[in-house]
Amino acid sequence: MQQFIELIRQPWPWYVAGPLIGLTVPTLLLIGNKSFGISSSLRHICAACFPANISFFKYDWKKEIWNLVFVLGVFFGGMIATNFMENPNAFQLSENTMADLRALGIQDFSGLMPADLFSMEALFSLKGFIFFVLGGFMVGFGTRYAGGCTSGHAIMGLSNLQVPSLIATCCFMVGGFTMTHLLMPFIFKLF
Amino acid sequence: MSFQQVSPPIEQDEQPFACEAPNDMAQPESWVSNIKYLIVGVLFGIVFVKAEIISWFRIQEMFRLQSFHMYGVIGSAVVVGMISVFLIKKFNIKTLSGETVQFHPKKFQRGQIYGGLIFGLGWAITGACPGPLFAQIGSGYMAVIVTLLSAVAGTWAYGYFRDKLPN
């Protein structure tokens, strides 16, 4: 038992985590005929809180409430894993990534998120504006424009062999590479 | 107008609305049944944190091609998903309440390119897709609440400008 707890507390390798994430697809389909997708929850929040008579938000969001319950679960899951299944060892990041990020000005590699960027202090600065407000806006706007995110397109869509999802997934990657390699060096020069 | 609602279309090729996660359950569900989705969400959130894929650093590692981890996670998730969907279709596996599992063919729209690129830019900068955002907040990264609110604002802005955008 002690060994099992030790194992659980270690970071899980991709070949354990990936298949578990993949199993979400049949689980949701079989327990309630639900297609897997998370960015829809953002739309349901809009529909429930500020529909503003926009036709895009005029639908029966209560029928989709399972999606909001699901993301509430993801929130609690994050809480449980962080508080009760915490990794006893330091976060291991690839040496090359550390060197690259150090060159950009990131110094703190202790947590899952860089404290240099994702702290409450950074919130009301240009850094905060770019990393939280602008970044978040692009995530919300982009996923809805694309009709799904990594869960809806990359996992559910590809599982169902949908070509539009493959196109969307490729564009997600192209956008990410562009930001990381072409834009980020300039962004980090701003502060 | 209301008479159109009387007979629902037998088969809907197009999704009733552009939602990638529709509820296809025909039978009404009680409030209690939501506990199922809560539990799946909790397990999903735990995997997110334990695989460290909610980490901004891991996303950077992925886009810098300096680790296989994220590719392994997404790749093996897709393979397991594909096999499951194949088996459900092949053996016509029914849901717990005995319904036929519904799949939705997706139609190509230019938005998948434009929106995909915009999401990709945001993914690299925030280090999160919509799912991990909720897990990050649960993990205690309170500043991410702002990212989430901003993502909701982005979704709302898309709804507002939808008719003016090339789709």
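A Cβ is built for glycine as well, from the same backbone N, Cα and C atoms used for every other residue.
Copied over from TrEMBL, here are the features:
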type	residues	note
TRANSMEM	B:37-57	transmembrane segment
TRANSMEM	B:69-88	transmembrane segment
TRANSMEM	B:113-135	transmembrane segment
TRANSMEM	B:141-161	transmembrane segment
Recorded stretch that, among B:37-57, B:69-88, B:141-161, has the most CB pairs under 8 Å to the transmembrane segment (B:113-135): B:37-57
Same-chain residues at least 6 beyond the ends of the transmembrane segment (B:37-57) whose Cβ lies under 8 Å from its Cβ atoms: 69-70, 73, 126-128, 131-132, 134-136, 138-139
